[in-house]
Amino acid sequence: MWLLVGMRALQCHFALCPYTLALLWLCTFTLSVAVCAVLLLPISILSNEVLLTFPQSYYMQWLNGSLIHGLWNLVFLFSNLSLVFLMPFAYFFTESEGFAGSRKGVMARVHEAVVLLLLLALLVLGIVWVASALLHDNMARKSLYDLWEYYLPYLYSGISLFGVLLLLLCTPFGLSRMFSVTGRLLVKPRLLEDVEDTLSCTTFEEESLSRKLKSGSTTSCWVKLNMEAMKKEYLTVQSKRIALEMRRKASPWQRNLGYPLAMLVLLALTVMCVLMVCFNVLELLLDDTAMPRGMEDPHLGMASFSMFGSLGAAVQVVLILYLMVSSVVGFYSSPLFTGLLPRAQDTNLTQIIANCVSLLILSSALPVFSRTLGITRFDLLGDFGRYNWLGNFYIVFLYNMLFAGLTSASLIKTVTWAVQRELIRAFGLHRLPLTVSRSTVPFRLLLASGLSKIQ
């Protein structure tokens, strides 16, 4: 949402520059391809269930395996086009100024961007061809004669492997962050807390800080005041007062039932994902059909892809979308990619291009990610099933084990710290002074660590 807001702000700012608008349309096209990649598996699974429910319906004759297969091929084609050509060209055009000695203008920037794109394509082709020659000598020789048939799927296989590894790092972290993100959007119930009393104290403190800031004096009767620190404290108290007012205005059902239900739903979805991955690990050890593979004809309407029928298929769709949202949350919450987070009216074009590329890599790897973890049994269609590493048992098995371990560790840590924070707040331990006797040093250290987590 913030990315679209930033793009809209740039579009309004550069209303008189058609070339910048063209770059924004390229970014919009890339985001559209990313959304289509996310919806590939849900649409395929739901189409199969619709054909199972209405096998002889005249109005469902247009829905068949050939249509779904063509959709997968189109998404694969446009993903390659966006990642290899459109987004690099948009970035080079943004940074280019024209060659030295050439006439300055738009065409000079276009020429420089095209030359840089060709040089980058040759560099990537050479690197990946050398890698394919080291790993698969026969395939590397064929790729010299048939670029489209052998080389581009091999190149996209490496890109998808990078995306799947990125999902492996971001999704477990995002699953744990979903609890805190949802907690900010909902009103939290507080045990043993008088909202009116806390609100009155916070309002009094805010008014006191406001009077000190309006007076403008940097000294008091005893100490010298730090105005910058006081402004930060004032903003903190103000946000606390707004949250308390929201909690007071919320209905009893919303205050006492909405937040626990949302946390239970998130916990159930996360536990369900971990259980399905653990079950898939057992199937990998016992049955070869659990390995992800590609298929040419999907045969829709023959049998359900879930042992629980339509209900299981609906759960699979919900879990796939939940994993995608969690991966995006984990991506933007990680320290490496926090700087890419779009901000309203403060996002430059280079950041927009980087966000589009990142979201496209995550979304295009989602079908392979979901099938590798056993979230669904719908096999990969088209060129998505031609990745070389999908047939390696050790890679798939280790990937499932790492995801289950990382998700379980993140979930246990999130739940235990959340319970500890609520207990500390409920019994008022965060208000106690830390100057206790030496005999209670372990308790003091535990309380200090708990307070740091609360803050």
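Even glycines carry a Cβ here, placed using N, Cα and C.
What TrEMBL records for 21-47 (among others) is transmembrane segment.
For 67-93 (among others), the entry in TrEMBL reads transmembrane segment. Residues 19, 23, 26-27, 29-30, 33, 36-37, 40, 43-44, 47, 109-110, 112-114, 116-117, 120-121, 152, 155-156, 159, 296-298, 300, 350, 353, 356-357, 360-361, 364, 380-384 of the same chain sit 6 or more residues outside the transmembrane segment (67-93) yet have a Cβ under 8 Å from a Cβ within it.
What TrEMBL lists as transmembrane segment is 114-134 (among others).
According to TrEMBL, the transmembrane segment annotation covers 154-175 (among others). Panel annotation: around the transmembrane segment (154-175), residues 76, 79-80, 83-84, 124-125, 128, 131-132, 139, 143, 270, 273, 323, 325-331, 333-334, 361-362, 364-366, 368-369, 372, 383-384, 386-389, 399, 402-403, 406-407, 409-411 of the same chain, lying at least six beyond its termini, place a Cβ under 8 Å from a Cβ of the stretch.
Residues or ranges marked as transmembrane segment by TrEMBL: 257-282 (among others). Non-local neighbours of the transmembrane segment (257-282) in the same chain are 175, 178-179, 182-183, 186-189, 290, 315, 318-319, 322-323, 373-375, 397, 400-401, 403-404, 407-408, 411, 415; each lies 6+ residues outside the stretch with a CB under 8 Å from one of its CB atoms.
Residues 38, 41-42, 45-46, 48-49, 52-53, 166-167, 169-175, 177-178, 181, 269, 272-273, 276, 338, 340-341, 358-359, 362-363, 366, 369-370, 375-378 of the same chain lie 6 or more positions beyond the ends of the transmembrane segment (302-332) yet place their CB under 8 Å from a CB of it. The transmembrane segment feature in TrEMBL is assigned to 302-332 (among others).
For 352-369 (among others), the entry in TrEMBL reads transmembrane segment.
Within its own chain, the transmembrane segment (389-412) is flanked in space by residues 157, 161, 164, 168, 171-173, 175-176, 267, 270-271, 273-274, 277-278, 280-281, 284-285, 291-294, 368, 372-374, 380, which lie at least six positions past its ends and keep a Cβ under 8 Å from the stretch. Residues annotated as transmembrane segment in TrEMBL: 389-412 (among others).
Away from its own ends, the transmembrane segment (21-47) comes close to residues 3-4, 7, 10-11, 14-15, 63, 68, 71-72, 74-75, 78-79, 82, 86-87, 89-90, 93-94, 298, 300, 305, 313, 316-317, 320-321, 324, 349, 352-353, 356-357, 359-360, 362-364, 366-367, 370-371, 376, 378, 381 of its chain (Cβ-Cβ under 8 Å, at least six residues beyond either end).
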